[in-house]
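Novice: The structure under discussion is supplied below as structure tokens; questions concerning it will follow.
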Protein chains: 2
Amino acid sequence: MAPSLEDTTTDTSAAGVDDELAAVKSRVTVVGSGNWGSVASKLIASNTLNLHSFHDEVRMWVFEEILPTGEKLSEIINRTNENVKYLPGIKLGKNVVADPDLENAVRDANMLVFVTPHQFMEGICKRIVGKIRNDAEAISLIKGMEVKKEGPCMISSLISDQLGINCCVLMGANIANEIAVEKFSEATVGYRKNKEMADKWVQLFNTSYFMVSAVQDVEGVELCGTLKNVVAIAAGFVDGLDMGNNTKAAIMRIGLREMKAFSKLLFPSVKDTTFFESCGVADLITTCLGGRNRKCAEAFARNGGKRSFDELEAEMLQGQKLQGVSTAKELYEVLSHQGWLERFPLFSTVHKICIGHLPPAAIVEYTKP
Amino acid sequence: MAPSLEDTTTDTSAAGVDDELAAVKSRVTVVGSGNWGSVASKLIASNTLNLHSFHDEVRMWVFEEILPTGEKLSEIINRTNENVKYLPGIKLGKNVVADPDLENAVRDANMLVFVTPHQFMEGICKRIVGKIRNDAEAISLIKGMEVKKEGPCMISSLISDQLGINCCVLMGANIANEIAVEKFSEATVGYRKNKEMADKWVQLFNTSYFMVSAVQDVEGVELCGTLKNVVAIAAGFVDGLDMGNNTKAAIMRIGLREMKAFSKLLFPSVKDTTFFESCGVADLITTCLGGRNRKCAEAFARNGGKRSFDELEAEMLQGQKLQGVSTAKELYEVLSHQGWLERFPLFSTVHKICIGHLPPAAIVEYTKP
């Protein structure tokens, strides 16, 4: 079991008041310790140290790995305050405590931050259900989600349903490594009803270089995070075809419009204004400027579609798979199932190009409104 | 006087019907023949040839110049169908007739397309007032506008007021040279009341590679075209400071938000949805990816603000001046006059950086919401 970290802040107020405060202070656990999870822990840890309404300690669940040196990842993190594997060179803060025991990590927390690959979430929920506090609140930072035939399986809903707790989301133009070195960035918290809780999440994440704001639109915020990867594939095709900035901007705009239309068809509560937030237009821009989806799609188009995405991913991503390609496939199934293919020419064309049924140049020919 | 071009289309219908049709056919004149004016003429000319509701001939007013060969620009255009000076290598269409005589060019037209540098418009209006058809309709493609202390002087209003005619606008992510080679692009027509007229403008401009749609929001569309240049300066600073894509996307998003807020403060009729159109988010993206404003601002930041914009413009733009720098100055005066400086941190900071009152890095420090 990981060591516990006692509050080290000293208060000028009386000891009795301190005890009372300690009882109502929130305890935060971050479930996940990859690249983004480590950066999230760093952001949170800098705030819990300074804000009296939180316990200093931030517990971070680490999926244990034995490193080539023979040492355990969680032990190195606790010794060096650094996630040497997923965020080397960045100090997380001394109040981040790595814990390889999932159940132990979540037991005392009333604020649970989920930031794992999306395919692990169902298993994690099964392991911790009934073992968390009754008053726990959750937030999901998980950008990928499964899109099933009948519609997307929202990770926030999965968490809410499986654990019986409320779940917000945090999305945005967030390249983890840029935030790790404290470059200015923004993010959006999506919440369902409880504005006070949303404000508390904002307080927990917001720093001088990471500006967070809250909107009452969980589904809108969460869908942005997934759908933008499909648009990034389209933008990559345009880059690979050397069609210029006009065309790229047009394709991004049409993509944003399809993101909005699709989200609103599935969830009529989704708000137009959400797409002006960091999770919307800003994340779309970041993903279409840099990002793996755009890059591999550019290579795909440069090769005239003659080398498959599987081949390019193997070569360019060291075995990782592109979110955008699989989301485009899942999305196509939804559109087809719902009879919406013609209403979403960009989404459907991206999939047809990815599987080789259309040439890359179709991204413009078939997407025109 | 320039030669006249007779309709060469033959109709299978009876001659009497042809005469009647000819009487109601619209006649188009393009006032302006620079880079964008020439591309606009090409777009229009391909449509008037195919659509029976327009006369084939597109008259294009040319500000006469004598080229180094001794030939007149208008004569070369009429001989070669090419604007050798401002759009070399592109055929405009045989039905484009260059006319150096402004009054003659506009006399018979009932559809006037204005596409000149904005500072010429007042003089042009003075020259043609009272010399145009009573039923003439106008559209402005002019992106720059003057922003006076009391607010922007909209070019569409100038045209409407001075000529006593209705004026729409057409804006969008429109890099003229990319449209000239028929790369896919979009544009937005803004209209005030007359939807039928807006549809006619759409018909006149829309081609398979230039997709135009209409929104009832003249001011919103027109303001996008001007304000985006200020945001592009901000984006250029971020590039010059090597702050990465996250920060750039955040600054672009904040810029879009200020564009929207400013436009709505000045004209409460401005619609949120306009900013999702090509004139909004797409034009902003194009301008912040490429574009002179972005490029010079990047150079400015790389030099730590030690070389002035005047100097950089002279070096990088062959004597042309940056729209964004002067718009930022004018905008600052409006904000200051109205007491809105604090509500528009990005707009005001761009100006302060341009004049050397703040360092380039302030674009992030001072812009945070």
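Cβ from N, Cα, C; glycine included.
TrEMBL labels come from automatic prediction, so no person has curated them.
The structure displayed is predicted, hence computed values, not measured ones.
Annotation source TrEMBL lists domain 'Glycerol-3-phosphate dehydrogenase NAD-dependent N-terminal' at A:28-195. Positions annotated as NAD(+) binding site by TrEMBL: A:GLY32, A:SER33, A:GLY34, A:ASN35, A:TRP36, A:GLY37, A:PHE63, A:PHE120, A:ALA176, A:ARG292, A:LYS321, A:GLN323. Taken from TrEMBL, the feature substrate binding site applies to A:LYS143, A:ARG292, A:ASN293. Taken from TrEMBL, the feature domain 'Glycerol-3-phosphate dehydrogenase NAD-dependent C-terminal' applies to A:217-365. According to TrEMBL, the active site, proton acceptor annotation covers A:LYS228.
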Novice: What whole-number Å value do you get for the CA-CA distance of A:ARG292 (substrate binding site) and A:LYS321 (NAD(+) binding site)?
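Specialist: With the alpha carbons as reference points, the distance is 10 Å.
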Novice: Under 8 Å Cβ-Cβ from A:TRP36 (NAD(+) binding site), six or more apart in the same chain: what's there?
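Specialist: Looking at Cβ-Cβ distances below 8 Å from A:TRP36 (NAD(+) binding site), excluding near sequence neighbours, one finds A:VAL115, A:LEU141, A:ASN174, A:ALA176.
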Novice: Excluding A:LYS143, A:ARG292, A:ASN293, which residues of the same chain place their Cβ within 8 Å of the centroid of the Cβ atoms of the recorded substrate site?
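Specialist: Going along the sequence, the neighbours appear as A:ASN229, A:ALA232, A:THR287, A:GLY291, A:LEU322, A:GLN323, A:GLY324.
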Novice: Taking only the residues in the domain 'Glycerol-3-phosphate dehydrogenase NAD-dependent C-terminal' (A:217-365), give me the average pLDDT of this model.
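Specialist: Averaged over the domain 'Glycerol-3-phosphate dehydrogenase NAD-dependent C-terminal' (A:217-365), the predicted model reaches a pLDDT of 94.
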Novice: Give the maximum pairwise CA distance in Å, whole number, for the residues A:GLY32, A:SER33, A:GLY34, A:ASN35, A:TRP36, A:GLY37, A:PHE63, A:PHE120, A:ALA176, A:ARG292, A:LYS321, A:GLN323 listed as binding NAD(+).
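Specialist: Largest Cα to Cα distance for the NAD(+)-binding set is 25 Å.
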Novice: If I take the alpha carbons of A:PHE63 (NAD(+) binding site) and A:LYS143 (substrate binding site), what is the distance between them in whole Å?
Specialist: 19
Novice: Tell me which of the binding-site residues A:GLY32, A:GLY34 sits in the most Cβ-dense spot, judged by other Cβ atoms within 10 Å.
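Specialist: Of the binding-site residues A:GLY32, A:GLY34, the highest Cβ count within 10 Å belongs to A:GLY32.
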Novice: Starting from the Cβ of A:ARG292 (substrate binding site), draw a 10 Å sphere and report how many other Cβ atoms land inside it.
Specialist: 19
Novice: Using DSSP, what's the helix, strand and coil tally for the domain 'Glycerol-3-phosphate dehydrogenase NAD-dependent C-terminal' (A:217-365)?
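Specialist: Per DSSP, the residues of the domain 'Glycerol-3-phosphate dehydrogenase NAD-dependent C-terminal' (A:217-365) fall into 115 helix, 0 strand, 34 coil.
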Novice: Of the residues named as substrate binders, A:LYS143, A:ARG292, A:ASN293, how far apart in Å are the Cα atoms of the most distant pair?
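Specialist: That value is 14 Å for the farthest Cα pair.
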Novice: Tell me, by DSSP, whether A:GLY32 (NAD(+) binding site) is helix, strand or coil?
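Specialist: DSSP call for A:GLY32 (NAD(+) binding site): coil, neither helix nor strand.
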Novice: Sorry to bug you, but what's the C-alpha spacing from the residue listed as 'active site, proton acceptor' to A:GLY34 (NAD(+) binding site), rounded to the closest Å?
Specialist: 21
Novice: When you measure from the Cβ of the residue listed as 'active site, proton acceptor', how many other Cβ atoms are you left with inside 10 Å?
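Specialist: 31, counting other Cβ atoms within 10 Å of the residue listed as 'active site, proton acceptor'.
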Novice: Among A:LYS143, A:LYS321, the binding-site residues in question, whose Cβ has the most other Cβ atoms within 10 Å in this structure?
Specialist: A:LYS143
